[in-house]
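Per Swiss-Prot, pyridoxal 5'-phosphate binding site is recorded for Asn119, Gly219, Asn220, Ala221, Gly222, Asn223, Thr347. Annotated N6-(pyridoxal phosphate)lysine per Swiss-Prot: Lys93, in sequence order.
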Amino acid sequence: MISCHSFTMTPSAPNSTVLPSATPVCPQSSACRWRGLIETYRPYLPVSDQTPVVTLLEGNTPLIPAPAIAKRIGKDVRVFVKYDGLNPTGSFKDRGMTMAISKAKEAGAKAVICASTGNTSAAAAAYARRAGLRAFVIIPDGYVALGKLGQALIYGAEVIAIDGNFDDALTTVRQLSEHYPVTLVNSVNPYRLEGQKTAAFEIVDVLGQAPDWLCIPVGNAGNITAYWMGFCQYKELGKGDRLPRMMGFQAAGSAPFIQGQPISHPETLATAIRIGNPANWDKAWAASRESNGEFHPVTDAEILEAYRILAAEEGVFCEPASAASVAGLLKQKDQVPAGATVVCVLTGNGLKDPDCAVQNSGNQVKAGLKPDLEIVAKAMGF
């Protein structure tokens with residue numbers, strides 16, 4: 001029996017109105033102009049008329065059919081990928097950051113801070129600068145993809161690299177936010193999860209129902225927590241009559257949920273989920289337990305294979321950590337019920353880590369050819 005005991009609807013903020021039905025203000029299927037997550041799902045978020053909405057029109061990302069992956073599973077299974085790499089800064093973090101920064105500005109904050117493996121720093125910097133706030137970012141030195149670091153820098157974040165891992169960085173920013181006038185915007189900030197839960201709303205709005213399985217990469221465990229919050233809230237409002245199994249997948253070298261305890265030295269090429277001590281530990285376990293879900297490990301080799309399949313067979317270019325959801329689905333395909341609908345969450349854009357694509361594509365540039373018709377045609381196989 002699947003239930004939502006640990007996740008209740010967010011109380012309405014003062015001066016906000018809860019609609020009697022679960023119909024969003026501006027559903028994906030409508031022809032109206034997209035206005036960003038807060039305006040679209042305002043009745044279901046802890047905002048009021050006094051909340052200054054800071055938005056880059058995030059959300060409304062596509063739910064893309066994945067027939068090549070479905071064919072590998074068989075059994076008349078339908079597979080979709082929720083491609084959050086098409087958010088403004090290229091990852092799902094924008095969903096949470098529109099809420100976190102809007103509420104920080106409402107509270108009078110002048111600066112925000114986060115620890116990051118890359119995506120959080122990009123989103124925090126973009127939304128903070130749009131709001132006119134300073135953005136401080138603490139990163140683990142040498143463990144952030146250049147595409148993500150470049151984003152944070154060009155947005156104007158004040159970046160500090162520490163000799164340590166993400167967990168060390170998170171401990172540092174938590175301490176700083178307790179002693180200095182900076183607002184913490186990592187996923188321990190509850191407004192982050194409120195924003196991120198809207199991805200579940202969008203999936204139900206498109207499918208008309210929750211999927212049977214929701215496959216998701218797990219790092220700091222905020223996203224699996226947020227999706228479960230969203231599915232539970234929508235069901236309580238009468239939007240659909242079922243809940244998905246939450247299937248969380250971790251890199252084998254960075255898998256505290258599989259080991260059942262935090263780990264000190266996580267290692268994986270999927271840097272976005274290279275986290276040994278997830279901040280949302282208890283909530284993620286609750287989401288898994290209440291949904292009859294599971295956590296499973298996937299190796300770096302399995303992640304890279306799924307990464308290549310998504311690009312070469314589905315035309316979807318995601319960052320390596322995102323592909324953990326598809327790697328996990330393929331690894332657990334014998335468990336998938338016949339006729340099931342499965343959604344795999346792709347958390348970030350492949351352009352976040354172009355070096356990984358170049359190094360692992362299995363493809364090569366045929367360089368040094370003369371601009372001669374016959375020579376080029378021969379290189380093309382004609």
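Heads up, the Cβ atoms here are built off N, Cα and C, so glycines get one too.
Among the residues the record lists as binding pyridoxal 5'-phosphate, namely Asn119, Gly219, Asn220, Ala221, Gly222, Asn223, Thr347, the two farthest apart have Cα atoms separated by 14 Å. A 10 Å cutoff on Cβ-Cβ distances gives Gly222 (pyridoxal 5'-phosphate binding site) a total of 25 other Cβ atoms nearby, all chains included. On the backbone, the CA of Asn119 (pyridoxal 5'-phosphate binding site) and the CA of Lys93 (N6-(pyridoxal phosphate)lysine) stand 7 Å apart. In the three-state DSSP scheme, Thr347 (pyridoxal 5'-phosphate binding site) is classed as coil. Apart from Asn119, Gly219, Asn220, Ala221, Gly222, Asn223, Thr347, the residues listed for pyridoxal 5'-phosphate, the same chain places the Cβ atoms of Phe92, Ser187, Pro217, Val218, Ile224, Ala272, Ile273, Ile275 within 8 Å of the centroid of those Cβ atoms. Using a 10 Å radius centred on the Cβ of Asn119 (pyridoxal 5'-phosphate binding site) and all shown protein chains, the other Cβ atoms total 33.
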